[in-house]
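Q: Pulled from Swiss-Prot, these are the listed features:
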type	residues	note
ACT_SITE	E313	active site, proton acceptor
ACT_SITE	C347	active site, nucleophile
BINDING	S207, K232, G285, S286, V287, P288, T289, E446	NAD(+) binding site
BINDING	S512	substrate binding site
MOD_RES	K92	N6-succinyllysine
MOD_RES	K92	N6-acetyllysine
MOD_RES	K98	N6-succinyllysine
MOD_RES	K98	N6-acetyllysine
MOD_RES	K113	N6-succinyllysine
MOD_RES	K129	N6-acetyllysine
MOD_RES	K174	N6-succinyllysine
MOD_RES	K317	N6-acetyllysine
MOD_RES	K364	N6-acetyllysine
MOD_RES	K375	N6-acetyllysine
MOD_RES	K461	N6-acetyllysine
MOD_RES	K508	N6-succinyllysine
SITE	N210	site 'Transition state stabilizer'
TRANSIT	1-23	transit peptide
Amino acid sequence: MLPPALLRRSLLSYAWRGSGLRWKHASSLKVANEPILAFTQGSPERDALQKALNDLKDQTEAIPCVVGDEEVWTSDVRYQLSPFNHGHKVAKFCYADKALLNKAIEAAVLARKEWDLKPVADRAQIFLKAADMLSGPRRAEILAKTMVGQGKTVIQAEIDAAAELIDFFRFNAKFAVELEGEQPISVPPSTNHVVYRGLEGFVAAISPFNFTAIGGNLAGAPALMGNVVLWKPSDTAMLASYAVYRILREAGLPPNVIQFVPADGPTFGDTVTSSEHLCGINFTGSVPTFKHLWKQVAQNLDRFRTFPRLAGECGGKNFHFVHSSADVDSVVSGTLRSAFEYGGQKCSACSRLYVPQSLWPQIKGRLLEEHSRIKVGNPAEDFGTFFSAVIDAKAFARIKKWLEHARSSPSLSILAGGQCNESVGYFVEPCIIESKDPQEPIMKEEIFGPVLTVYVYPDEKYRETLQLVDSTTSYGLTGAVFAQDKTIVQEATRMLRNAAGNFYINDKSTGSVVGQQPFGGARASGERDIPGQPRLVQLWTEPPFTPLAVSPPLGDWRYSYMQ
């Protein structure tokens, strides 16, 4: 990380020189992806994590709303339960009501003026420091809270709450620094200079349970660009989300730039969309919720001081398409990881698999063999666990209902798994289903659980099957094609051009890396906000304006041809 003084000097600098303005472009801020630690037996990182997990045993952390730089404790108290041990209340938190949310909006609007004027170098420095804290002394804490609170295994927590969140903070800082260096052409003797300012008003950040990193990014990216944010974290990710918020504050984030406001969803949505100061919504969640927010914004357009910007990612019904030329080992390993890691609770998880008849006996045998080795359990006590419980009782009931549908449908056959048990935690066995009907609802609708449905197609009808892949569902987030035949890969890439925002070849549909594979979809999967690339920080700036365009003094107001 660059020291503050050096970081400032790396940015666009300018100074008065007589009657003109002199400036130069920014240098690039060097960052790299955070290494993923192994957590092998006896390693320092494993020992530190084990201690952090032990510290959380049977503990309930009290979490306030943070509004106006004050911890506010309301009477509307809620609890976050550990998914794999719902007898453990990991967090006690309170909801903000409409009055408190309006107070937060007022505090945000007041804080914006000073925050937006702060040099981007100073703002970036805060997020770089937070990244260093997450990479070092606070790593074990954020991993343990993500594991216990959201049911992640050590590797899934490491990928999410450490590596990806650190990458978001560092790469966004890089993108912000470099954006300042993008300047218009200056033709002597004139000099043009642009400033990238934050949006006028406040941004509402609404984050999901399944990635600690997403919460930090939804709130952090707009704040980095000079905006003020009301952050509504997920009830089922409260423990880790509050830890991220505290780390940002300890890294130097000023009061009221991000305010931490757990709230009832409809209350939060109604309040922010009725405020004249709303300038943006940064969202990850369900399609119905995002559509509702869009409608609320549309209905209130006449009251806003500016047109709000809406960015949203809404999940997917992601596919793996297998051609007869595919490598079976890659298909099996990639599909098991994509479908069942974190219990299928990733927006990018594979939930529909298309397999040619010629390979189905081999792939089926391998899938069932490897499926029998998957261990589902308590990831805090057994690091051999591949995935844990689903997030809460609501998710458990939804997935169980789909499995009951699979048992009763004549076109569906359960090949493995699918047992459910909520006596201790919300456990669902990874389930593999074969469908005779490619248009069966289970092939169309997002389940968000450890359920993989397979459709076996005649080898010679691969083109028709590619059309099915493209047209079956309303989503368009991620997908993968497995084929060794380059001609088939090219053809599939053309035919599935609009079927996925992140399209993989001979690799699983999950696992995008910040700065390498910017993540986002289209269709019902969202507005394509594209975290992980420069466009994200640009989204949260006003169109640049020219504060100084220095030219020779204008003489006669008339043009020469008029004389």
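The backbone N, Cα and C atoms fix where each Cβ goes, and this holds for glycine too.
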Q: Going by DSSP, is K129 (N6-acetyllysine) sitting in a helix, a strand, or coil?
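A: The residue in question, K129 (N6-acetyllysine), is helix (DSSP, three-state).
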Q: Select the closest residue to K508 (N6-succinyllysine) from the following recorded positions, measuring between CA atoms: K113, S207, N210, K317, K461.
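A: Closest by Cα: K317.
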Q: Can you figure out which of K113, E313, K317 (the recorded positions) comes closest in space to S207 (NAD(+) binding site), comparing Cα atoms?
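A: Result: the closest of the recorded positions to S207 (NAD(+) binding site) is E313.
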Q: Round to a whole number and give the Cα-to-Cα distance in Å for the pair K317 (N6-acetyllysine) and E446 (NAD(+) binding site).
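A: Each residue's Cα considered, K317 (N6-acetyllysine) and E446 (NAD(+) binding site) end up 5 Å apart.
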Q: If you measure from the C-alpha of E446 (NAD(+) binding site), which of the recorded positions K129, C347, K364, K461 fall inside 10 Å?
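A: Neighbours among recorded positions, in sequence order: C347.
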Q: Over all shown protein chains, what is the count of other CB atoms within 10 A of the CB belonging to the residue listed as 'active site, nucleophile'?
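A: Counting Cβ neighbours of the residue listed as 'active site, nucleophile' within 10 Å gives 26.
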Q: Considering the recorded positions E313, E446, which residue's Cβ sits among the greatest number of other Cβ atoms within 10 Å?
A: E313
Q: Taking only the recorded positions S286, C347, K375, which one has a CA atom nearest to the CA atom of the residue listed as 'substrate binding site'?
A: C347
Q: Spatially, and counting Cα to Cα, which of the binding-site residues is closest to K113 (N6-succinyllysine)? Options: K232, S286, V287, P288, T289.
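A: Checked the binding-site residues K232, S286, V287, P288, T289; minimum Cα distance to K113 (N6-succinyllysine) goes to K232.
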